[in-house]
Amino acid sequence: MASFHEKGSVGSGDKVATRNDAAFALDERRRAALAEVDNAKFSWFHAKVCVVAGVGFFTDAYDIFAINIASTMLGYVYGKGQKLNKNQDLGVKVATPVGTFVGQLLFGWLADVVGRKRMYGVELMIIIIATFAQALSGDGKAVHIIGTLVVWRFLMGIGIGGDYPLSAVISSEFASTKIRGRMMTAVFANQGWGNFTAALVAFIITAAYKTSILKEASVTNLKSVDYMWRILIGLGCVPGVIALYFRLTIPETPRFTMDIERNIDQATADIKTVLTNTSRVDNDDLVQRVEAPRASLADFRAYFGRWENFKVLFGCAYSWFALDIAFYGLGLNSGIVLQAIGFGTPPQKGVEGVYQNLKNICIGNLILSAGGLIPGYWFTFLFIDKWGRKPIQLMGFIALTILFVIMGFGYDKLTATPAATKGFVVLYCFANFFQNFGPNTTTFVIPGEAFPTRYRSTAHGISAASGKLGAIVAQVGFAQLKDIGGTNKFVKHILEIFAFFMLTGIFSTLLLPETNRQSLEELSNENQDGFVRGPSRKSNVTDV
C-alpha cells in the first residue's frame, strides 16, 4: 500500500505523496506495461519480427556454409594439385568463426549500451559489404586471393556475430510468454534453410556450368569454376539487402526503453504502438526517467558474482561451446567426411571428375540438410513451448553422445561396404537432426531469456562467443588431426572426440533453469518488488 503524510500550514488538507508513493506508482505502471507484452496474442507485428530477424539468420547460414562447397571450387582454381593446402582450407573456413566470435562480444555489449534498434541493421550492412567484396576478390603478386578472402570473411564474421545477440534479444523481448520459445525458434530455424539453400544454389550453378566445365582443356585452367564460386558467394548478400530496410525501421524494444533508458512513459506508449500496429511517435512529453538498477562493471560483478547467476551463464556458455565443436566440426567439413567414407566419389578423372565431384558434394549436402538439419529445427518449434527448453537440450546431448559413439567406434565397419556407407549417412543425418532438435536451438534460446534486460544481450553474446570458440577449436583441430596416419584416416577418432564433448554437454545442461512459460523478469533472478525506486532526480521533463 502507498503511504501519505500531510504537509503545509495549519488547516491545509492537501496530502502530498512522498517519494515512496511515486516509486510505488511507477513500479506498478512498469508491471502493467510488461504484463501487456507478456500476455499479448500473436499478431502481425510478431510475424514481422520473426521474418525480419529470420532473414538475417538465413543469410548468416548461407554465407557460413557456402564456403564448405566453395572451398573445393577454390582448390580447383587456385590450389596446387587442384586442392587447397591444409592452411589455406583452414584459413577460409576458420576466418568467419573468428570474426563471429568478435562480433558476438562486441555487438552483444553495444546492444545493451546504445540500444537494440541503433545496432540492428549495422551488422547486416557489414555482412552485405564483406560478402560482395569476396565475390570481387582478385589474385595478386603481393597478396594471394586466399589471403584476401580470409580478411573479408573475418569482417563478414563480425557482422554475422552481431546478428546472434541482437536477433535473439529483440525476438525475446517482443514475444509474449506463451509463444516466446516458438518465436525464437522460428527465427533460428532459418539457419537450416540457409544451409540448404547454399547447397541448392551450388547444385544449380554446377548444373548450369556443366557444359563449360566439360569443355575446359585441362584441370589446371578451370576458368568456369572461377565464375561458379564467385556467384555462389556473391548471391549471399541478396537476402540481406532485401531485409536491411525492415531492420533499420524496427522499433526499439519496450524493455530496453523501460529498464535501460529508464523512460516508462515512452515504453508504455511504444507497447500500445506495437500491439495496435500504429506508427511510433517520439514525443518530448513522454520522458519520465526513473531510478532503477543500472549496468556497470561493479553491478555486473555483483550480479554474476552470485553462484545462482554465474552458473546459468556458465551453463549457457559451456553447453554452446560443447555443441559447436561437433556442429561446426561436421558442418564445415561435410564434404571431407563424405569423401572420406567414399559416398559419391567420382570414378572419372579430368574435367569430368571435377564436375562429378562438385555435383556429388552438393547432393550430399542437400541430403544432410533436408534429412536432418531442417526437420530438427521444426520439431523443436513444435515442442519447445510444451516440453520446455531443458528437456529438449538434455535429450539432444544424450542422443548425440550415443550417435557419435556408434559412428566413431563403428567407423571401419560402417564404411566397409556401399550398403554400410548408406547406413553411416543415415546416422549422420540423425546427428544433424538431434543437433537441431536439441542443443543447437536451445543454446540460442535460453541465453535470450535467462538474464536481466540490462545484461541480456551481453550475456547472450558471451554465450554465443563461447560457442564460436568451440567452432574455432573444432575447425583447427579437424584440419590438424584428420590426416594423421594418412588422408582422412583420423576422422573416426575425431567423431569419438565429438562424443566426449556431447557427454560433457549433458552435465552443463543440468546447471540451467527451465525458462518455459515464465516472464523475462521472473527469469532475471532479481526481486521485482521495488525494482523502480522512484523518479530520477536528474530527470528533465519539458512541458509543452
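Including glycine, each Cβ sits where the backbone N, Cα and C put it.
The domain 'Major facilitator superfamily (MFS) profile' feature in TrEMBL is assigned to 49-517.
Under the heading region 'Disordered', TrEMBL lists 523-544.
Away from its own ends, the transmembrane segment (49-78) comes close to residues 84, 88-89, 92-93, 96, 123-124, 127, 131, 139, 144-146, 149, 153, 156, 160, 163, 167, 170-171, 174-175, 183, 186-195, 197-199, 201-202, 219, 222, 225-226, 228-229, 232-233, 235-237, 239-240, 242-243, 246-247, 250, 331-335, 354, 357-358, 361-362, 365 of its chain (Cβ-Cβ under 8 Å, at least six residues beyond either end). The transmembrane segment annotation in TrEMBL covers 49-78 (among others).
Summarising the annotation, TrEMBL assigns transmembrane segment to 90-111 (among others). Outside the transmembrane segment (90-111), and at least 6 residues removed from its termini, the chain residues within Cβ reach (under 8 Å) are 63-64, 67-68, 70-71, 74, 84, 119, 122-123, 146-147, 149-151, 153-166, 169, 328, 332-333, 457-462, 464-465, 468-469, 471-472, 475-476, 479.
Under the heading transmembrane segment, TrEMBL lists 118-136 (among others). Sequence-remote contacts of a segment are chain residues at least 6 beyond its ends whose Cβ falls under 8 Å from one of its Cβ atoms, and for the transmembrane segment (118-136) they are 56, 59-60, 63, 103, 107, 110-111, 149, 152-153, 155-156, 158-163, 166, 170, 230-231, 233-234, 236-237, 240-241, 243-244, 247-248, 250.
What TrEMBL records for 142-166 (among others) is transmembrane segment.
The transmembrane segment annotation in TrEMBL covers 187-209 (among others).
Residues 48, 51-52, 55-56, 58-59, 62-63, 66-67, 69-70, 73-74, 77, 120-121, 124-125, 127-128, 131-132, 134-136, 198, 201-202, 205 of the same chain lie 6 or more positions beyond the ends of the transmembrane segment (229-248) yet place their CB under 8 Å from a CB of it. Per TrEMBL, transmembrane segment is recorded for 229-248 (among others).
According to TrEMBL, the feature transmembrane segment maps to 320-343 (among others).
Among residues of the same chain six or more beyond the transmembrane segment (363-384), those with a C-beta under 8 A of the stretch's C-beta atoms are 65, 68-69, 181-182, 185-186, 188-189, 191-193, 195-196, 198-200, 202-203, 334-335, 338, 343-344, 392, 425-426, 428-438, 440-442, 445, 516. Look at TrEMBL and you will find 363-384 (among others) tagged as transmembrane segment.
Taking Cβ pairs closer than 8 Å, the transmembrane segment (391-411) reaches residues 319, 322-323, 326, 380, 383-384, 424, 427-428, 430-431, 434-435, 437-443, 446, 491-499, 502-503, 505-506, 509-510, 512 in its own chain, all 6 or more past its ends. As annotated by TrEMBL, transmembrane segment applies to 391-411 (among others).
Taken from TrEMBL, the feature transmembrane segment covers 490-512 (among others). Outside the transmembrane segment (490-512), and at least 6 residues removed from its termini, the chain residues within Cβ reach (under 8 Å) are 311-312, 314-316, 318-319, 322-323, 325-326, 329-330, 336-337, 340, 389-390, 393-394, 397-398, 400-401, 404-405, 407-409, 411-412, 439, 446, 450, 470, 477-478, 481-484.
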On average, residues of the domain 'Major facilitator superfamily (MFS) profile' (49-517) score a pLDDT of 88
